[in-house]
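TrEMBL has this to say about the protein:
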type: BINDING; residues: Cys111, Cys115, Cys118; note: [4Fe-4S] cluster binding site
type: DOMAIN; residues: 97-307; note: domain 'Radical SAM core'
type: MOD_RES; residues: Lys322; note: N6-(pyridoxal phosphate)lysine
Amino acid sequence: MFNQKKALPHWNDLLGSSVVTADQLESLLSVNREEAQQVIDRYPMRINPYYLSLIRAPNDPIWKQAVPDIAEIYDHHRLSDDPLSEEPQSPVPNLIHRYPDRVVFLVSAQCAMFCRYCMRKRKVGVPFVVTDETIRQGLRYIQSHKEIRDVIVSGGDPFLLSDEVISDILKNIRAISHVEIIRIHTRVPCTLPQRITRELAEMLKAFHPMYINTHFNHPSEITPESSAACNMLADAGIPMGCQTVLLKGVNDTPEVMKQLMQKLLMIRVKPYYIHHPDLVRGTMHFHPSPETGLKIMDELRGHTSGLCVPQYMIDLPGGGGKIPLIPEYVIEKKKKKWLIRNYEGKIFEYPLVEG
Ligand SMILES: *Cc1c(COP(=O)(O)O)cnc(C)c1O
Ligand code: SF4
């Protein structure tokens, strides 16, 4: 019925009805309760009713992202919890200063759904990781480092904080004159789009230039709800980007990735990065080969709008930073000409003429 107004549940109520115990999980999905318990003992689970409703079948791409897998506690590769050296590169707790002019500022350890492949598994859902004191220390650090012109507000998910706390943090960052831009990294438009309200979008407007990078991994995450959330933020004048993680069994084929990138443009989100997953303990079962990522990039470029071709990034172990991986197009560099292949694989001669 067109004019019937349903009372929609508040995002906090949705979050409060999340599946967090092995017993709850077993009552809803066909899982092994003991195995789920072993995983949850190490890494917390939270599947809110909205994200849960997107699961269509056991082990589908939504399930894989949200439901604990016993492989998380196998550790055959002896991987680190922090392979990118984020902790050594944090001059104060929860503020990563790796690059010259920008920092990642972790203001929340909570998320609307705990992604099983999370690169910050060591921190998310852990109580007392982020406190008022770590936030104050981070603000003081940014204040006293004039080279910082770009602050990436991240977590966890900053949008799990209340509007008041978010506004307070943003006011404090905006009061620092050398900060030019603020970016917010949030998965909420995908995992709990009900959190994006008119009030939130209206409040964020006061802090321009403000950018949001969100995080979608599969076309079936693009729903009427997530579309409404992204449109609300875009209507507030906030350019929206997407950081997708390449995940085995979720989005590691050119067909799925192309559909995702195209659908993102339809909800006014510009694909920014596809991340090769980081070598984090407990996430190995999600890892594809970098060749898989290169093949996907090769089947995007030229085959669809350049707007939906992001960069494919690999984050170097030890904190070396992100580097793009790009398919080879230059086949051979001769003295007078280069041989270059196009997106269809045809070879062209490009004459080297210098002015
Ligand atoms: C990814 C990242 C950034 C931001 O990198 P951009 O390429 O500017 O988006 C900044 N700091 C750290 C520690 C990062 O991991
Ligand atoms: S939303 Fe981001 S920080 Fe939170 S669990 Fe997922 S990947 Fe990790």
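The backbone N, Cα and C atoms fix where each Cβ goes, and this holds for glycine too.
Neighbour count (other Cβ atoms within 10 Å of the Cβ, all protein chains): 25 for Cys111 ([4Fe-4S] cluster binding site). When the recorded positions Cys111, Cys115, Lys322 are checked against ligand 1, Lys322 have a Cβ within less than 6 Å of one of its atoms. Here the CA atom of Cys115 ([4Fe-4S] cluster binding site) lies 21 Å from the CA atom of the residue listed as 'N6-(pyridoxal phosphate)lysine'. Contacts of Cys115 ([4Fe-4S] cluster binding site) defined by a Cβ separation under 8 A and a same-chain sequence distance of 6+ are given as Gln65, Ala66, Arg187, in order along the sequence. Compute the center of the Cβ atoms of Cys111, Cys115, Cys118, which mark the site for [4Fe-4S] cluster; besides them, the chain residues with Cβ within 8 Å of that center are Met113, Phe114, Arg116, Tyr117, Arg120, Lys121, Val124, Arg187. In this structure, of the recorded positions Cys118, Lys322, the smallest number of CB atoms within 10 A of the CB marks Lys322. When secondary structure is read from DSSP and collapsed to three states, Cys111 ([4Fe-4S] cluster binding site) falls in the coil class. Mapped onto three states, the DSSP output places Cys118 ([4Fe-4S] cluster binding site) in coil.
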